[in-house]
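Visitor: Mind having a look at this structure? Questions to follow.
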Amino acid sequence: MKLNKLNPRWDAYDRRDSFWLQLLCLKYLGLWPPEDTDQATRNRYIAYGWALRIMFLHLYALTQALYFKDVKDINDIANALFVLMTQVTLIYKLEKFNYNIARIQACLRKLNCTLYHPKQREEFSPVLQSMSGVFWLMIFLMFVAIFTIIMWVMSPAFDNERRLPVPAWFPVDYHHSDIVYGVLFLYQTIGIVMSATYNFSTDTMFSGLMLHINGQIVRLGSMVKKLGHDVPPERQLVATDAEWKEMRKRIDHHSKVYGTMYAKVTECVLFHKDILSFGDEVQDIFQGSIFAQVCASVIIICMTLLQATGDDVTMADLLGCGFYLLVMTSQVFIFCYVGNEISYTTDKFTEFVGFSNYFKFDKRTSQAMIFFLQMTLKDVHIKVGSVLKVTLNLHTFLQIMKLSYSYLAVLQSMESE
């Protein structure tokens, strides 16, 4: 993939390439073990990843937690909690990501399977749109995070007394030593950068895979609409995998026994079943971490707004809170948006069937089509959480924002009293 002025030219047959920026970040952060190497090399890499996380994430979060021993009022709590909640949630998300890394790598390999290759001209558009969506999603979150970091690092310069970018407690006094202050300032800056990179690299893995699933659903819709119509022959694929060969063998058998049209309906049924299975796997891998992010975002957004509305807020603090708020709301909105898109696209299958030339179907093919239609009538919702289920859609996003504002109003009333 050639990158020219942030204008990538995608290869629709290499859909994994849309994650190249995420994989680059995860590789250097110790969260993407080499896939084609011996176990000893993987173990050394895993140890490297643990060392980074302990130094710049776990200890970093511990210094923020210890800050609570000096809090005096609600403003101090908000000042400490809005970043600490992000760190605690991130630690949980990364351990879940690290635990499921083999399954995540398998999902990215599955993304490049022959079944998901576009076969007709109309099928290229949804695949390429999904790839662009994954890339620009990463770019957007990365740039917003960069601006947030810049504001946080600059904000201490606007204060009369010496302070660090993030509220934290250290066993040394940095107020009277330039060297100690410089070392701690650098440590926090590295921690902020790494935490932000961890966040947008792992979160966009889930949303990116879901965008690709949505693109494949749209692809399936175009296949359904062409049933019964005269279409050009499928593009011949030079390289195919074992899964595709086995599926083609089954489809060719149906074509010889029951006819070409019945075989095409069978292909749509098998494709639909595979997409749903892939979606269930992605959902099962990430449901715990996404649920934690959604729940924590209510408190984080509330505390960020409370800090931004304080009396002694500088312009740099206000801009930092604004960009941080944009990052947090964007994370949750993206999760809810991709879930909403998948539900919306799957609900349109009845419409797709209506565009097919079903008048040409024989009795057996019509029965197969009815069976397929019954399969697609089942509602598809992306849900996260184990005991308490949260459906990812735009309604959920609005509820999160309303809940955050309600908590903010309660805290502001307590502060005024």
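Cβ coordinates are placed from backbone N, Cα and C, and glycine is handled just like the others.
Annotated transmembrane segment per Swiss-Prot: 3-23, 46-66, 74-94, 134-154, 179-199, 285-305, 318-338, in sequence order. The topological domain 'Extracellular' annotation in Swiss-Prot covers 24-45, 95-133, 200-284, 339-417. Here Swiss-Prot flags 67-73, 155-178, 306-317 as topological domain 'Cytoplasmic', drawing on sequence analysis. Annotation source Swiss-Prot lists N-linked glycosylation site at Asn112, citing sequence analysis.
Burial and contacts for the listed features, if you can.
Guide: Averaged across the topological domain 'Extracellular' (24-45), pLDDT in this predicted model comes to 92.
Taking Cβ pairs closer than 8 Å, the transmembrane segment (46-66) reaches residues 29-31, 33, 80, 83-84, 87-88, 90-91, 94, 98, 166-170, 187-188, 190-191, 194-195, 198 in its own chain, all 6 or more past its ends.
In terms of DSSP helix, strand and coil, the topological domain 'Cytoplasmic' (67-73) has 4 helix, 0 strand, 3 coil.
In the three-state DSSP scheme, Asn112 (N-linked glycosylation site) falls into the coil class. Its own atom aside, the Cβ of Asn112 (N-linked glycosylation site) has 14 Cβ atoms within 10 angstroms in the protein chains shown.
Panel annotation: around the transmembrane segment (179-199), residues 25, 29, 31, 52, 56-57, 60, 86-87, 90, 93-94, 145-146, 148-149, 152-153, 156, 162, 164-166, 168, 170, 172-173, 327, 331 of the same chain, lying at least six beyond its termini, place a Cβ under 8 Å from a Cβ of the stretch.
Residues 74-75, 78-79, 82, 151, 154-155, 157-159, 325, 408, 411-412 of the same chain lie 6 or more positions beyond the ends of the topological domain 'Cytoplasmic' (306-317) yet place their CB under 8 Å from a CB of it.
Note on the transmembrane segment (318-338): residues 82, 86, 137, 140-141, 144-145, 147-148, 151-152, 155, 196, 199, 203-204, 206-207, 210-211, 214, 290, 293-294, 297, 300-301, 304-305, 307-308, 382, 392-394, 396-397, 400-401 of its chain, located 6 or more positions outside it, place their CB under 8 angstroms from a CB of the stretch.
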Visitor: Would you kindly list the residues that approach the topological domain 'Cytoplasmic' (67-73) from elsewhere in its chain, counting only those six or more residues past its ends and only Cβ-Cβ distances under 8 Å?
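Guide: Residues packing against the topological domain 'Cytoplasmic' (67-73) from afar: 80, 84, 167-169, 415.
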Visitor: Who are the long-range neighbours of the topological domain 'Extracellular' (24-45) in its own chain, taking Cβ under 8 Å and residues 6 or more past its ends?
Guide: 51-53, 94, 97-98, 101, 105, 194, 197-198, 201-202
Visitor: Could you tell me what the rest of the chain brings near the topological domain 'Cytoplasmic' (155-178), counting residues at least six beyond its ends with Cβ under 8 Å?
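Guide: For the topological domain 'Cytoplasmic' (155-178), the far contacts come to 60, 63-64, 66-67, 69-70, 79-80, 83, 184-185, 188-189, 191-192, 314-317, 320.
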